[in-house]
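A short worksheet on the structure shown next.
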Amino acid sequence: MKSPRRTTLCLMLLVIYSSQATLDLNLEAIVHPLILHERELPGEEPLRQRRAVATGSPAAEEYTVDVEISVENASFLEPIKAYLNSLSFPIQGNSTDRVTDILSIQVTTVCRPAGSETWCSCETGYKWPQERCLHNITCPEHGSSLPGHGCSCLKGLPPKGPFCQLQRDVTLRMSVRLNVGFQEDLRNISSALYRSYKTDLETAFRKGYSILPGFRWVTVTGFRPGSVVVTYDVQSTTPSVELMHKANEQVIQNLNQTYKMDYNSFQAVTSNETKFSVIPQVIFEGDTVTLSCENEVLSSNVSWHHVERHFDIQNSSRFSIYTFVLNNMTSVSSLTIYNITQRDAGEYVCKLILDIFEYESRNRISVMPIRILANEEMKVVCDNSPVSLSCCAENNANWSKVEWKQEGKINIPGNPKTDIDSGCSTYTLKADGTQVPSGSSGTTVVYTCEFVSAHGARGSKDIKVTFISVGANSSPGREVHEVLRHVMEVSTVQSTTGNSVDTSKAQEQQANLTITPDPISVSEGQNFSIKCISDVSNYDEVYWNTSAGIKIYQRFYTTRRYLHGAESVLTVKTSTREWNGTYHCIFRYSNSYSIATKDVTVHPLPLVSNIMVDPLEASVSCSGFHLIQCCIEEDEDYKVTFHMGSLFFLAAKEVNRNQVCYKHNFNANSVSWCSRSIDVFCHFTNAANNSVWSQSMKLNLVPGENITCHDPILGVGEPGKVVQKLCQFSKAPGGTSSPVGGTVTYTCVGSQWKETRNNCISAPINSLLLLAKALIQSPSQEEKLPTYLRDLSASTDQVKHEILSSPGSLGAIINILDLLSTVPMQVNSEMMTHVLSTVNIILNKPVLSTWKVLQQQHTNQSSQLLHSVERFSQALKLGDNPALSFSQANVQMSSMVIRPSHPKTYEQRFVFSEADLWGNVVIDRCQLGDLQPESSVVTVAFPTLQAILAQDVQKRNFANNLVMTTTISRYITTPFRISMTFKNSSPSLGEAKCVFWNFSLANHTGGWDSSGCHVEESNEDNITCICDHLTSFSVLMSADSPDPGSLLGILLDIISYIGLGFSILSLAACLVVESVVWKSVTKNRTSYMRHVCIVNIAASLLVADTWFIVVAAIQDSHYVLCRTACVAATFFIHFFYLSGFFWMLTLGLMLFYRLVFILHEASKSTQKAIAFFLGYGCPLAIAIITVGATQPRGVYTRKDICWLNWEDTKALLAFVIPALIIVVVNVTITVVVITKILRPSIGDKPCKQEKSSLFQIGKSIGVLTPLLGLTWGFGLATVFPGTNLVFHIVFALLNAFQGLFILLFGCLWDLKVQEALLNKFSLSRWSSQHSKSTSIASSTPVFSMSSPISRRFNNLFGKTGTYNVSTPETTSSSVENSSSAYSLLN
């Protein structure tokens, strides 16, 4: 060992030696002692390979010689290196004896002092052999070796060689992407574009990679799309990661920038660095096999891949991957395959990744089946003679043991003997008469021999041994017992020919069946049908079976009978793999069967609902990347592509346990669609060339400057951006079982993503939800449903604590119950118990807070749950059980079966002591007598369901009692009277209403409805309800509406009925008056139009009030008004009330037109057309739009009365808003008219007569319009909760007497009408009095300055004494002007 203060230089000399070795090395005096170690190294290949040299003397041999040089001064190292580099090779020996030539000299190892230690490091291109790294202490690496490739620095010089050794050459298969468009000429190696690319790229590659140690050459091997991917090979010794990055940088610097080479896309693959081993070498089915991959590169990023199955292997129940670093020198990854099958055979790839380097190694394994040879059947006479059973393995393997087992009614053991070397085993039996008495003669026992390999493979063979007692065959007098079997005559039809082969011996007529001849081959999710036609129409039963004998449920097929035949069609709308198989169409007549068969092939293809996409929606920077993926729960051979518009990309497959994901790293630079949204779809194509599209993934391309939130999982986003992620792809914490279903909602707040809603579904519940979706499409629903309901109850009980904080899991359980309740089959007592046990858990009081979260999301899952329980109750078949009861804290059930003779009264009582609620249900025996015998009556009561069922928006109405649902197993069409008594838990809250849950309301989301129900009796203790139908019932209390039985309620009813009746009479009187005076008051155009408006106002309100009072009378009498009639009544009431307002608007606009546009004159027909369009056209349009927008969702009318809905849709605003707008417009017109009169412009000729006439016309508008508007203003106020009762009274009064207002202010207040009536019905003295009053009115007009009314109006508008007071005398001109003004405005 050299002194630690010395510097040592080790050289490697490559020499050719002929007869003897001599070395004349002329170094300068700086060289201290020279130690020569001469060794022949024949094992170093290919660099140190012994080779023959053609010379005239004996064959020359090549040797590698290690030379160690030690110097006192470290500064001598560089001069020595420079001298050696300056030498010219080969260096020949002396001129007289040229037996040795030196081919090269390379510095391999340098040892320098480092403090008190000596550090020996390898020069570039060299490394310490692995055994040195294992037995010596390493120092911090500072050489150029690739990290993990052995070690490059040791502490202390090894006492004996070897020194650092030359690294072998490797060929790196590399690739890099050019961000330019791909052109087809790049596929053609003879094209000018290909040659130009190749020349430019190879030049840049050579310049860049020349810095790599041992660089030899580089060549471009091809181009492929995406954008342009360049593949090329580089040969050198293995470089370090840092050096390779530097070389890549130099490549980009030496390449023209127009190629847009992407620095981050460099990849390098090498395949000669990894050792691959397989244990055992001979593999049998069932073995546990270990595949090991060793590499000197230190990295834990190792993946395994099955080539033929395109399967990325992940840890699962059958595959286990363990990766570790051995002695800080070698990366070892082991893949263990448990219970291997022949499907697992094939080529496996082990791939290790370190930065841009990929090291892969491949190995192919074969899996052989175990074949056991033996006689499968034997007969043994029980005479105590030894009998040997033998079995041998056809395969020669290292069997660890052979086991024998037996199964049968009798036990006859034997002695096993096994020869492992020969692979055979025998089992010797001795059976005597005591073991097999005469009564057991002919009994068969199955003996099984099972071979077990050293690695766990098992192969078995069954041997059936029939034991015969002594004398059983030799006793001639023994009575032979005949076994009678019932033979069913069957006529079989082959599906390939359709011809019936009659094998029946019966006398009944046989049917010839013809079945769909074409082969049926579909993929999952597609539909198919099989038609089976019989030439005989007389049959007892038609049904379909599977080849396993499972009867297909009747919902899947229909049968029709014709005059001369019949047909049955099996229709499957959504096929699954369970439908793969053979199906039998069976026509039965008495004991004769005609059967036709058909094979159905269903190819695997994921259903759209089973394709999980990520992201659902995401923002992507216009210059960034985003991972998109589609995952399924199966590993099949699909071709998967991603599509966006006209572009498509191939997907990369990745397997993670039982989940397979197809991924693509979307590059926003590849599209020119910045600031746009892109819909991306996954397209799955199976082996049958059928395909399916996933739901869309929405990518929003946004400029980088708008992005504030960044996250590797959620992506980027702008402030306020909301995204949803499937829980399995999100950052949601998993807990004990990771959430694999549901979604999580995130919002970009500031610079971080905040979770705003978590609807994740726990793993066990999500698994059940997927099974439920598959079950409703399964041909064997009846067999699977009982087991499934039991599992659902057990799983719900296990995760009940998770439900408290998981709205997603709660919603999933409700969806499961909803799906299963649609399976059309009978439910037995055990199944119903499991259903109610599940319901009891999810209706527990601590879960109510989770229900509130669901309500805030505007879901109808409380209605779904109630509907599910009703369907299960209706399907309950009690059978021989007279009754079934179930009692838990949150749900109780009672039932009864209707017997054919003397049915009893159905009376059930439910008491919930914890909730302090009770209720009774009574159905009279006369009602039950009309039901079909063996029908089941079931009542289920819930104490907490009322708290979660939807309430109205203002929460005015709320249930405060039990919810009881009563069903009958047979559908009933006639009215069915049921009496229910509820505890009155809140007697002070106001009016009680008996209601039922109507599932068709609110667009089939459900709501409380009182149709067909009324309160029979109500007191402080209980409330009795009577209904004429069956469903779910409860009691509602209204704290805002007056109680109909109270004094105020009775008063409002009296006001409404009397007022509306008087109003109808008044409107009718108005029409009569108008008809009487029509000719007298419509002598000019303006007067005509005014009275047209008055008549239509009266007619519209008359029709509307009539509809209103008729509907109110029907509902107050507790008669059921069908929903269609209620909608029609609401429509006409809405339309005609609006028409009254629009005719009022027409009247105001006409007045405005006549005063402002004096010089413009429109014809009577034009004015009439505009008036009728406004009066009826606009209201009709508003009414139709309102009913069209709300009725499809069932929210056009209110739940309790026939009037526009307010709680759900605010449809009432379609009346209130137009009415109030008209009020404002008409009031404005009135103000403008009065201003026009009192402030005449230059050129106007105001006079007392004109102003009097204007007031006569405007007074009806000025009085009626605010009055009608005030009426419906009070009406709108009554809608809101907490409204003072005074508003109800004022609204009732104003609304009831609208007709009287029209008669007084619109008709009788008109002087022209008064004159016409007086002229029509007056006596002579009345005429004289009328003349006097007319003279006085003419002398003192209403708007004259001396009139009190005139003074008030002038003070209001700031006018005092502007107009001169007319003289009492009336000149001819003034009379003419007065007459003219009256004709113009009246």
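Cβ atoms are placed via backbone N, Cα and C, with glycine included.
The signal peptide annotation in TrEMBL covers 1-21.
Summarising model confidence by region, the domain 'SEA' (166-273) averages a pLDDT of 87. Per TrEMBL, the feature domain 'SEA' maps to 166-273.
Feature annotation from TrEMBL assigns domain 'Ig-like' to 274-366 (among others).
What TrEMBL lists as domain 'Ig-like' is 369-466 (among others).
TrEMBL lists 511-601 (among others) with the feature domain 'Ig-like'. Across the domain 'Ig-like' (511-601), the DSSP tally of helix, strand and coil residues reads 6 helix, 52 strand, 33 coil.
Look at TrEMBL and you will find 882-1043 tagged as domain 'GAIN-B'.
What TrEMBL records for 1047-1073 (among others) is transmembrane segment.
Annotation source TrEMBL lists domain 'G-protein coupled receptors family 2 profile 2' at 1052-1310.
The transmembrane segment feature in TrEMBL is assigned to 1094-1115 (among others). Long-range contacts of the transmembrane segment (1094-1115) within its own chain (CB-CB distance under 8 A, at least 6 residues past either end) are made by residues 1056-1057, 1060-1061, 1063-1064, 1067-1068, 1070-1071, 1074, 1121, 1126, 1129, 1132-1133, 1136-1137, 1139-1140, 1143-1144, 1147, 1175, 1201-1202, 1260, 1298-1299, 1302-1303, 1306-1307.
Annotation comment: TrEMBL describes 1135-1157 (among others) as transmembrane segment.
The feature transmembrane segment is assigned by TrEMBL to 1169-1191 (among others). Within its own chain, the transmembrane segment (1169-1191) has Cβ neighbours under 8 Å at 1089, 1092-1093, 1096, 1100, 1127, 1131, 1134-1136, 1138-1139, 1141-1143, 1145-1146, 1149-1150, 1204-1205, 1209, 1211, 1214, 1218, counting only residues six or more beyond its boundaries.
TrEMBL lists 1211-1239 (among others) with the feature transmembrane segment.
Taken from TrEMBL, the feature transmembrane segment applies to 1260-1280 (among others).
The transmembrane segment annotation in TrEMBL covers 1286-1311 (among others).
Annotated compositional bias 'Low complexity' per TrEMBL: 1366-1380, in sequence order.
Summarising the annotation, TrEMBL assigns region 'Disordered' to 1366-1386.
DSSP states for the domain 'Ig-like' (274-366), grouped as helix (H, G, I), strand (E, B) and coil, give 3 helix, 57 strand, 33 coil.
DSSP states for the domain 'SEA' (166-273), grouped as helix (H, G, I), strand (E, B) and coil, give 41 helix, 35 strand, 32 coil.
Using DSSP to sort the residues of the domain 'Ig-like' (369-466) gives these counts of helix, strand and coil: 3 helix, 58 strand, 37 coil.
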